[in-house]
Amino acid sequence: MELLKLNRSVQGTGPGPGASLCRPGAPLLNSSSVGNLSCEPPRIRGAGTRELELAIRITLYAVIFLMSVGGNMLIIVVLGLSRRLRTVTNAFLLSLAVSDLLLAVACMPFTLLPNLMGTFIFGTVICKAVSYLMGVSVSVSTLSLVAIALERYSAICRPLQARVWQTRSHAARVIVATWLLSGLLMVPYPVYTVVQPVGPRVLQCVHRWPSARVRQTWSVLLLLLLFFIPGVVMAVAYGLISRELYLGLRFDGDSDSDSQSRVRNQGGLPGAVHQNGRCRPETGAVGEDSDGCYVQLPRSRPALELTALTAPGPGSGSRPTQAKLLAKKRVVRMLLVIVVLFFLCWLPVYSANTWRAFDGPGAHRALSGAPISFIHLLSYASACVNPLVYCFMHRRFRQACLETCARCCPRPPRARPRALPDEDPPTPSIASLSRLSYTTISTLGPG
């Protein structure tokens, strides 16, 4: 993907991930992870207005940069240190965090500093390297989102087939292929990136394409490969996941109602119900971090349920179902947020790039100045919203984050308070109740 270049005075250049530098005093514009930083002489406005816009943009740059670097570094550290989080999905999240961190580190400083200094001082090698890394980081981020969508679709909607190939070694191969494919796709950027003078002691890092047709073809190719096709795949995958989860909601409600009716009419014990081979969530996967529903095979001698130790009261069998319903609703909401944020962050940039490739003057008149700058800032924001959506809404990640912080900053042990005389005695643990259940079944003998 590439960003809009609005400087019409440089012939033969086009949008791309490099940072094309501004003339001194021009308003702050920026490039996204794959676009040029472009500047245009400021419109006739008051000095106070220009200074206010510049201050707002610099502040937004700083906030997004700190959130992107801090959030993605935290993800990398927590996922790397926590053994419990070394799963297939988290392997893709780790790759996504690395690509987002690369996007923030390799793009934003080389966008902001040349705007403030008025010229590109880093040389041709840095210009080509930054251009290439910007493109690779955005490509890896997009492909990682697609891989996560397909992995979750397989885990939830095709659980039996997914268990065969969903291993960490397979995820590692997919991640390596994602980085290699992105690296090959972005080879044209360093090839056609140059540093050229645009005025006395003013340099720009720009892309000089062979022709306008090549620039248009490249813009359409990136629009299809890195936005339209991934967006469709993600929308379809998460749509099918949402459909499966909502069907599971209705199935759980119907099956629990039937189970409670049998308990009331027959005096029996509620058991695990499976109708028509439809998948239901794994036992114990009631939390918000459950990421799949798997078919449970019936046991020959099911153990006595813990609820059988007490008489079934009104609503006692509905609590697990309510917990599962709430967990599934949270998953559906998170999936919708993922798709909406993806389109929200990248649709304006891709639309502007395509518009610029086919109608440069019209795009220049409409988007030069503050509009294109904030469009690019919106694309930068994707690097800091991904950690929030994928990890900070994950209960186990929050727990692992707290454990990591406690490990790095240990606190002195506190004295345990003594129990007061009027406190309730400790309740028996689940393990002791389980032993009681097993002993009861053993004494009763096989049914």
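Heads up, the Cβ atoms here are built off N, Cα and C, so glycines get one too.
If you look up Swiss-Prot, you'll see 1-57 (among others) marked as topological domain 'Extracellular'.
Feature annotation from Swiss-Prot assigns N-linked glycosylation site to ASN7 (among others); the stated evidence is sequence analysis.
As annotated by Swiss-Prot, N-linked glycosylation site applies to ASN30 (among others), with the evidence given as sequence analysis.
Under the heading N-linked glycosylation site, Swiss-Prot lists ASN36 (among others), citing sequence analysis as support.
Per Swiss-Prot, the feature transmembrane segment maps to 58-79 (among others). For the transmembrane segment (58-79), the residues of the chain that approach it from at least six positions outside its boundaries are 28, 30, 85-86, 90, 93-94, 97-98, 100-101, 103-105, 108-109, 111-112, 116, 374, 377, 380-381, 383-384, 387-388, 391-392, 397, 400-401, 404, judged by C-beta separation under 8 angstroms.
Residues of the same chain lying 6 or more positions beyond the ends of the topological domain 'Cytoplasmic' (80-87) and with a Cβ under 8 Å from any Cβ of it are 94, 168, 396-397, 400, 403-404, 407. The topological domain 'Cytoplasmic' annotation in Swiss-Prot covers 80-87 (among others), and the record cites sequence analysis as its basis.
Residues 17, 19, 30-33, 61, 64-65, 68-69, 72-73, 75-76, 79-80, 130, 133-134, 136-138, 140-141, 144-145, 147-148, 151-152, 155, 166-168, 170-172, 174-175, 178-179, 291, 380, 382-384, 386-387, 390-391 of the same chain sit 6 or more residues outside the transmembrane segment (88-109) yet have a Cβ under 8 Å from a Cβ within it. Residues or ranges marked as transmembrane segment by Swiss-Prot on the basis of sequence analysis: 88-109 (among others).
Using DSSP to sort the residues of the topological domain 'Extracellular' (110-131) gives these counts of helix, strand and coil: 17 helix, 0 strand, 5 coil. Under the heading topological domain 'Extracellular', Swiss-Prot lists 110-131 (among others).
CYS205 (disulfide bond) carries a strand DSSP state (E or B). Of all Cβ atoms in the protein chains displayed, 28 besides its own lie within 10 Å of the Cβ of CYS205 (disulfide bond). The disulfide bond annotation in Swiss-Prot covers CYS127-CYS205.
What Swiss-Prot records for 132-150 (among others) is transmembrane segment, and it gives sequence analysis as the kind of evidence.
Per Swiss-Prot, topological domain 'Cytoplasmic' is recorded for 151-170 (among others).
Counting only same-chain residues 6+ beyond the ends of the transmembrane segment (171-189), those with a CB under 8 A from a CB of the stretch are 16-18, 34, 88, 91-92, 95, 128, 131-132, 134-136, 139-140, 143-144, 147, 151, 207, 218, 225. Residues or ranges marked as transmembrane segment in Swiss-Prot: 171-189 (among others).
Swiss-Prot lists 190-219 (among others) with the feature topological domain 'Extracellular', giving sequence analysis as the kind of evidence.
Summarising the annotation, Swiss-Prot assigns transmembrane segment to 220-242 (among others) and lists sequence analysis as the type of evidence.
The topological domain 'Cytoplasmic' annotation in Swiss-Prot covers 243-333 (among others).
What Swiss-Prot records for 258-285 is region 'Disordered'.
Taking H, G and I as helix, E and B as strand and the rest as coil, DSSP gives the topological domain 'Extracellular' (356-373) the counts 15 helix, 0 strand, 3 coil. Comparing local CB density within 10 A for the recorded positions CYS127, CYS408, the maximum falls on CYS127.
In the three-state DSSP assignment, the secondary structure recorded for CYS408 (S-palmitoyl cysteine) is helix. Looking at CYS408 (S-palmitoyl cysteine) and CYS127 (disulfide bond), their Cα atoms lie 38 Å from each other.
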